[in-house]
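Peer 1: Attaching a single structure in structure tokens format; questions to follow.
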Amino acid sequence: MEGDSKPLLDPVCRGSYTDKGSTDSLDRGARRPFHVEHRNIVENEPSERVSAEASVLSSRVHYYSRLTASSDRLLSPPDHVIPCQEELYVYSPLGMAFKVTGGDGGAKNPSIITIFAIWNTMMGTSILSIPWGIKQAGFTLGIVLLISMGLLTLYCCLRVLKSPKSIRKTISTYIDTSDWEFPDVCKYYFGKFGQWSSLVFSMVSLIGAMVVYWVLMSNFLFNTGKFIYSKILYNYKLYKLIDMVCLFPNTRLPPPVICPFPDTGDHRGNSGISGLYLNTNNYGNDTSDTAVFDRWWSKTNTIPFYLIILLLPLLNFRSASFFARFTFLGTISVVYLIILVTLKAIRLGFHLEFHWLETTQFYVPEFRLLFPQLTGVLTLAFFIHNCIITLMKSNKHQENNVRDLSVAYLLVGLTYLYVGVLIFSAFPSPPLSKDCIEPNFLDNFPSSDVLVFVARTCLLFQMTTVYPLLGYLVRVQMMSQVFGKHYPSFFHVFTLNIFIVGTGVCMAKYYPNIGSIIRYSGATCGLALVFVFPSLVHMISQKRRGELSWPSAIFHSLLIVLGVANVAGQFFM
Amino acid sequence: GMSSTAMKKKVLLMGKSGSGKTSMRSIIFANYIARDTRRLGATIDVEHSHVRFLGNLVLNLWDCGGQDTFMENYFTSQRDNIFRNVEVLIYVFDVESRELEKDMHYYQSCLEAILQNSPDAKVFCLVHKMDLVQEDQRDLIFKEREEDLRRLSRPLACTCFRTSIWDETLYKAWSSIVYQLIPNVQQLETNLRNFAQIIEADEVLLFERATFLVISHYQCKEQRDAHRFEKISNIIKQFKLSCSKLAASFQSMEVRNSNFAAFIDVFTSNTYVMVIMSDPSIPSAATLINIRNARKHFEKLERLDGPKHSLTMRMR
């Protein structure tokens, strides 16, 4: 019959809401193998190596596939109907049966790889703001908060991870939640409102990250250019031997650590000791050359616009899979940062003094009222709740998910703690105040520092590759929600990109304080996706199963209150 | 007598839009589902239904209780027409449905119309898509629904089945329905047994002609595969689909090897027969003559009860 020549497998790509841009992943259902009916009817073999159910299901699927067009999935077997892996055999024409082994098409990773993937994804640019955050909260309080926020966000992350499974248990009908992400869970519990609000908050975190990236990229590009220019300028000046003495009469080596903005808000009372504060724009007394350079190479006035030329075209690419290959750069950058921080700490030594509640000239109190700023930063630093389900799906031993996630959070927390504590402790406090620690701690090092120059270049390169990926995620989620397609037309996508880039440029020009951007966007998106939705979802599912107890209800309501307080604290502190 | 489309006896297949009726019909009757039918929403199916069933019954498919107001209005205005001359009402419920109250309401209004226009109709309720319910919950949920439906259907008696296109329940439910619709089926069964024993067949199956649902069977020894009826039905329906592509129609089939011989042939106006002989020494011709002679006998049986059937048709 001609039906035999038609393939049994249906190579259709299923695009779904949760398809976060991995456009070359085929639908796993289409790749699933089917057993071949044992056609040896000559002998009366009593041992059937396939179950009767699998055999008749195969007959049904064979028949149903004749009733619809090959691309129509109306009569395709859903996942829960296919026999489980242990019952599938492949028969060779010679009559031997092989059991189908291996995963169902998706790669299964050992725990180590999963833990590493989670660590890699969570390590973002917020690592640069951790020392500043610890400074804002006070050293002791900062460490305590870092550990507590890590535990809190870990708990909420576990709730997110377990939320699709609890759907299967609550009602008697079987819904296939195997490719659901957390926004789908929200849609299930809260309908359209849940779907739209989880989208909006997810956008807040993504666009917030993209704005931070723009500010940081401007910063790093500026410093890189400055470094290169000053090296060229120095070499140029070197040839004019006579001028050397005149040109650099009072030069010292730039100090190892600087306070870039001595007179601004936080740093009251430090302007007395002005000798050590070098204006980063002034290397020599030759003002004419540098003035031109400074005008065209300005951190806030021109560089944000130069970046448009580089990045806007990249954002308009249809697919971002090219940029996904560069994720290893992020790992290298973080590892390099850790090494850098260690080297600096060794060179600068430790400068810690514990003043519990009073502000001194060089130190900050151990407990400060500005601590909500740290919690805001940490919410974004520990944020992975919108993609944790997808990340853990490829874990080989699913029963170890809780353990592996906890280990990943522990490692992330340790990394942040290490960087934060070392920078804070090593910050040279007798000449400078701890208050000088910048939201981007690399700003505390002059542009001529070679080690830091390398760090900035690495990070600049890494961010250039992650920025289009983030843009792609924003585009896919927003476009499929609003227009139903990933790429409605060039003009739609271009408009969106202009808006995102415009926001970044404005922020870089008028308000390049990444500490604030991170904490506001962190607290806002954390409100929905870390605190409120996971707790609500858990309480509702417990209630439906009749398992909601008073301690659980109180604890989760408390989490929601904490989330709201986190956001409120950003505005009032 | 006169017979226009309005006078033919009907089998109504009704249920909420999206409950699975089109898929069900396609599977049972081996109709190709064109992709667009799914997209049109409500199935506007009545006048185009060419599916004949049990010889003289016409299958009509109706979406009942969908959101489509046009369909609602058309339905209400044509109500009497739709529910006249109905032999069987098959109502499909989606077990997943979140609007149980609404579903029951529409079901009841259909029953009212049946009571008014065709009070002798047989009513069957299918609780469909049961594969979506977890296995340990299925019996419980079905029992609940069955009780509710029985209660709501009074004074009419309804027979309930739980079905899913992904297991044997659909095939078995429709086989039971067809079994109840065949006139004097018990007599057919007795005669079938006698026939089988006379010709020394291993197994004899009686299929309904349009759907290849097994109406009755006789076997003289234990058979290994409990699902063989559905499998044969699927194979023959696939073959019919292939034949129809060539504008040919399936008449009969003989399959033979050193261990057995199987014959599938037209039997009566409503049925097909499949005879399996495990004695390969009996020549095909002998079995075919036996089948031909039996055919005459069975047709007489059908005609005995037949006049009642066609009389009622003429009188409406």
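Easy rule for this one: first residue shown is 1, then count along the chain.
Heads up, the Cβ atoms here are built off N, Cα and C, so glycines get one too.
Checked TrEMBL, it gives:
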- A:1-32: region 'Disordered' (REGION)
- A:21-32: compositional bias 'Basic and acidic residues' (COMPBIAS)
- A:112-134: transmembrane segment (TRANSMEM)
- A:114-249: domain 'Amino acid transporter transmembrane' (DOMAIN)
- A:140-161: transmembrane segment (TRANSMEM)
- A:196-216: transmembrane segment (TRANSMEM)
- A:303-319: transmembrane segment (TRANSMEM)
- A:305-569: domain 'Amino acid transporter transmembrane' (DOMAIN)
- A:326-350: transmembrane segment (TRANSMEM)
- A:370-392: transmembrane segment (TRANSMEM)
- A:404-427: transmembrane segment (TRANSMEM)
- A:450-470: transmembrane segment (TRANSMEM)
- A:490-511: transmembrane segment (TRANSMEM)
- A:517-541: transmembrane segment (TRANSMEM)
- A:553-572: transmembrane segment (TRANSMEM)
Peer 1: I need to check the long-range neighbours of the transmembrane segment (A:140-161): which residues 6 or more away from its ends have a CB within less than 8 Å of a CB in the stretch?
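Peer 2: For the transmembrane segment (A:140-161), the nonlocal Cβ contacts are 130, 133-134, 182, 185, 354, 366-368, 371, 374-375, 378-379, 382-385, 388-389, 392, 401-402, 405-406, 409-410, 412-413, 416-417, 420-421, 424, 526, 529-531, 534-535, 537-538, 559, 562.
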Peer 1: How about the transmembrane segment (A:370-392) and the transmembrane segment (A:326-350): at least 3 CB pairs under 8 Å, pairs 6 or more apart in sequence, or not?
Peer 2: no
Peer 1: Could you tell me whether the transmembrane segment (A:326-350) and the transmembrane segment (A:404-427) have 3+ CB pairs under 8 A, leaving out pairs under 6 positions apart?
Peer 2: yes
Peer 1: List, by number or range, the same-chain residues at least 6 past the transmembrane segment (A:490-511) whose CB is under 8 A from its CB atoms?
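Peer 2: Hits for the transmembrane segment (A:490-511): 207, 210-211, 213-215, 218, 300-301, 303-305, 307-308, 311-312, 315-316, 471, 474-475, 478-479, 483, 517.
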Peer 1: Are the transmembrane segment (A:517-541) and the transmembrane segment (A:196-216) close enough to be called in contact, which here means at least 3 C-beta pairs under 8 A that are separated by 6 or more residues?
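Peer 2: Answer yes, regions in contact.
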Peer 1: With DSSP, how much of the domain 'Amino acid transporter transmembrane' (A:114-249) is helix, how much strand and how much coil, in residues?
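Peer 2: Breakdown, helix to coil: 119 helix, 1 strand, 16 coil.
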